[in-house]
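To keep things clear, I will list the structure first and then write my remarks on it.
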């Protein structure tokens, strides 16, 4: 996948606040408008949103986050939906996992966008990016041009890394990212 320079010396919080950390995250059933609104609140553009969604080219989701999609939505490839159902039965199995990108699950690439164009987005919030709407052309561009995706993803990651940094005496520069300095 792409790489970029991460500035050193960013200040981190002194405590964890799970509700605050999750307060602005769009959910797996978000509409395109909901996604755009959430990203806009962080001064990220629609192109940034589509590029950052491409991170779903790796990783997994729990069945409970997409079960309604594979049983009830119509903008999904029927063979794709059918292939997911044995692992995600209508009842139970909500914690079972499925790859977000079922084509190249362990490779950071632009196949996520090709999947969307084939109605094989795992999450509702993925598929709304290619559903006869304003983001379709960006998805097409990223699907056909890996360099455009990589460049846009890098730009968006840098922008995201600069959202509301702590300054002055707020927080601390950690010696180890995973824990508060002692």
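A Cβ is built for glycine as well, from the same backbone N, Cα and C atoms used for every other residue.
Range with TrEMBL annotation region 'Disordered', chosen from 1-34, 35-68, is 1-34.
Within the region 'Disordered' (1-34), the DSSP-based counts of helix, strand and coil residues read 8 helix, 2 strand, 24 coil.
Confidence over the domain 'Plant heme peroxidase family profile' (1-181), given as mean pLDDT on the 0 to 100 scale, stands at 93. In sequence order, 57, 111 are the residues near residue 104 (Ca(2+) binding site), counting only same-chain partners six or more apart with C-beta under 8 A. When the recorded positions 26, 63, 88, 101 are screened for a C-alpha within 10 angstroms of the C-alpha of residue 56 (heme b binding site), the residues that qualify, in sequence order, are 101.
When the disulfide-bonded residues 63, 88 are compared by the number of other C-beta atoms lying within 10 angstroms of their own C-beta, 63 comes out lowest.
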